[in-house]
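Please read the structure below before turning to the comments.
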Amino acid sequence: MSGAALGLEIVFVFFLALFLLHRYGDFKKQHRLVIIATLLAWYLCFLIVFILPLDVSTTIYNRCKLAVNSSPAESNGSYVTLAPSKQKCFKPWSYIPNGIMPIFWRVVYWTSQFLTWILLPFMQSYARSGGFSITGKIKTALIENAIYYGTYLLIFGAFLIYVAVNPNFNLQWNQLQTIGIAAANTWGLFLLVLLLGYGLVEIPRSHWNGAKRGYLLMKTYFKAAKLMTEKADAEENLEDIMEEVRKVSESIKYNHPLRKCVDTILKKCPTEYQERMGRNMDDYEDFDERQNSYPSEKSLVKLHKQVIYSVQRHRRTQVQWQILLEQAFYLEDVAKNETSATRQFVHTFHSQEPENKIIRYFYTPTVEWYWECLLRPWFYRVLAVVLATFSVIVVWSECTFFSTKPVLSLFAVFIQLAEKTYNYIYIEMACFLTIFFLSICVYSTVFRIRVFNYYYLASHHQTDAYSLLFSGMLFCRLTPPLCLNFLGLTHMDATISHKNTQPTAYTSIMGSMRVLSFIADGFYIYYPMLVVILCIATYFSLGTRCLNLLGFQQFMGDSEMTSDLIDEGKELIRREKRKRQRQEEGENRRREWKERYGNRDDSTRNRVVHTDQKESSFSEANTNRSLSKYTRSNGRTERDRIELLQDAEPLDFNADSINDDPLEADSGR
């Protein structure tokens, strides 16, 4: 089994990262280099989290083997026996041979650092660039990142000059490498504690609130009102940009040198706008450079960038609106079915996606009612209590992990108890659950935060390239300090435990932090204690209240603005519900009409054709008789169709339907 566990986890983590990237990214529309770079960044970070428990169990076995080899001992198969005390060091099932883990960690760590500090920032600027050629995009990316890279080079150059001039410092290459790693980990730890303090409180609280149907429904109404405002803003912004594109397209004719750039911009526009522009434009007019003033290539680059951003934002808000509607309809169905006497879950609308027959066979309406109305709230409450217990243990351990005598960190106590009995399965499971919970708290915050419209991870393939690359940067910067913090909580880091024992392979790659004693003995130990203050601030929603005071509407139960937005969202959901009900009623009527009269028309039509072919000698008489019969049947069908149209309900007035096409209205202007 040596190395088999490592290989299995490498394959499993790859498909996990691929699944998450497929959920947030769009493999068909986004550039392949963006997908590959983001996938590599996510994959390496997830890989560190999953492989580190194997490194811990292997290190514990190596420590036992070193202790045995220091006294007379005899080897027997898969374990080493200490002669005097008959102590046995069993080899773990996931043991990784010596020499593999240091090489593995070195490749993973330096690849992730190259991605986060050099490649991904460059690709961000490249993805947002509006250039029309690869050379133009690269030039724009280099210019935008000149200040970014120049700042790091200036700091590093000043540090090298200081070390060379000061005779008290005699640093070698390994020590300079350790200083660089310490600087990167310090920056990551600073951001890590902020995200961890939010996740430790918000994750248990979100699951506890998930059991409150009324709370979720009110919050969904609140989101609907906010999303409608953003959706209207996105539509208005897209209309303004499309108006500029139309003017540029009409001014630059087919034989203009910049016409290729305009065609590239038109390809990025939605299909309906492309059709309107194609009909309203006369490309057979020659351009006259002396009479008209034409936009420059620089202005077209800026317009191209705006088109990409506005189209992506408009598409994202449309998809999110449909998803939010489904969520609101589902929560309203749950509230309605809670008082059902039949104990069968009834949906207001049928699912638009094809249902899986196997799932529907086991997940019957009765089972669905018991799960949604009875079991699911209790499951969320129990899960919230378990997560809250983990959060308390993490906060306690973060404040006491520096104490070695006595050992106060609960994670260190669990690992040391298992180390005495060499229960490697328990060690790996405890390490995995600990680092997995820490990763969930940090990574989920990365997926939740939103920096205006510049960074936003939206599911259902609606995340843009810039946000995907930015998330890869954050993961690569947060994962190494997260793992070092985990090793400190379990006292597997010699810097924390103050023991002269064999370090883990991961710690050996990081180097000895004793080169910078004020970081090793000060910042790394005492800064994580700030997680207590951040947890208290998150519990009392201080950040939410501050954003609400600054004008950013946040969901707060005691706010008048929140109540107004909830009422507005409820009305929007009610309007969309009536609209969808009318659509389904219209479809049902058309289906009934086809079932009642469609077959009769077909049989009559077939009878006419058969009569024409069979009785050629009496063709005129029989044909007239058949046509008169067909006319009477068709007339009756036409009367039924008119009656169905007269029974149709009037549509609600919608201001957006007055002018669906801004280009059609502007063309007359």
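Every residue, even glycine, has its Cβ placed from backbone N, Cα and C.
When pLDDT values are averaged over the coiled coil (224-251), the model yields 92. As annotated by TrEMBL, coiled coil applies to 224-251.
Taken from TrEMBL, the feature compositional bias 'Basic and acidic residues' applies to 598-617 (among others).
The feature compositional bias 'Polar residues' is assigned by TrEMBL to 618-634.
The compositional bias 'Basic and acidic residues' feature in TrEMBL is assigned to 635-644 (among others).
The compositional bias 'Acidic residues' annotation in TrEMBL covers 658-669.
Taken from TrEMBL, the feature region 'Disordered' covers 598-669.
For the transmembrane segment (6-21), the list of distant contacts is 35, 38-39, 42-43, 46-47, 50-51, 54, 94, 96, 100, 104, 468: same-chain residues at least six beyond its ends, Cβ to Cβ under 8 Å. Positions annotated as transmembrane segment by TrEMBL: 6-21 (among others).
Marked as transmembrane segment by TrEMBL: 33-52 (among others).
Residues 6, 33-34, 37, 40-41, 44-45, 47-48, 51, 55, 137-138, 140-142, 144-145, 148, 152, 184, 466, 469-470, 472-473, 476-477, 479-480, 505-506, 509 of the same chain lie 6+ residues outside the transmembrane segment (103-126) yet bring a C-beta within less than 8 angstroms of a C-beta in it. Annotation comment: TrEMBL describes 103-126 (among others) as transmembrane segment.
The transmembrane segment annotation in TrEMBL covers 146-165 (among others).
Look at TrEMBL and you will find 177-201 (among others) tagged as transmembrane segment. Remote same-chain residues near the transmembrane segment (177-201) are listed as 113, 117, 159, 171, 391, 394-395, 438, 440-442, 444-446, 474, 477-482, 484-485, 510-513, 515-516, 519, 523-524, 527-528, 530-531, 533-535, 537-539, 543 (criterion: CB distance under 8 Å, separation of at least six residues from the stretch ends).
With a threshold of 8 Å between CB atoms, the same-chain residues lying at least 6 positions outside the transmembrane segment (378-396) that come near it are 196, 200-201, 203-205, 207-208, 210-211, 408-411, 437-438, 441, 489, 531-532, 535. As annotated by TrEMBL, transmembrane segment applies to 378-396 (among others).
Residues annotated as transmembrane segment in TrEMBL: 425-446 (among others). Sequence-remote contacts of a segment are chain residues at least 6 beyond its ends whose Cβ falls under 8 Å from one of its Cβ atoms, and for the transmembrane segment (425-446) they are 49-50, 52-54, 56-57, 60, 92-94, 192, 195-196, 198-200, 202-203, 387, 390-391, 394, 411, 414-415, 418-419, 457, 471, 474-475, 478, 482-483, 485-486, 489-490.
As annotated by TrEMBL, transmembrane segment applies to 466-489 (among others).
Listed as Cβ neighbours of the transmembrane segment (523-542) (distance under 8 Å, sequence separation of 6 or more from its ends, same chain) are residues 186, 189-190, 193-194, 196-198, 200-202, 205, 391, 394-395, 398-399, 401-402, 484-485, 488, 495-496, 513, 556. Among the features that TrEMBL reports, transmembrane segment is placed at 523-542 (among others).
Long-range neighbours of the transmembrane segment (466-489) within the same chain, counting only residues 6 or more positions beyond its ends whose Cβ lies under 8 Å from a Cβ of the stretch, are 21, 24-25, 30, 34, 37-38, 40-42, 44-45, 48-49, 52, 56, 109, 112-113, 115-116, 120-121, 123-124, 127-128, 181, 184-189, 191-192, 195, 394, 397-398, 401, 409, 411-412, 431, 434-435, 438-439, 442-443, 446-447, 454-458, 495-496, 504, 506-507, 510, 524, 528.
The list of residues near the transmembrane segment (33-52) in space but at least 6 beyond its ends in sequence, with Cβ under 8 angstroms from a Cβ of it, reads 6, 9-10, 12-14, 16-18, 20-21, 25, 27, 104, 108-109, 111-112, 115-116, 119-120, 123, 127, 431-432, 435-436, 439, 465, 468-469, 471-473, 475-476, 478-480, 482-483, 486-487, 506.
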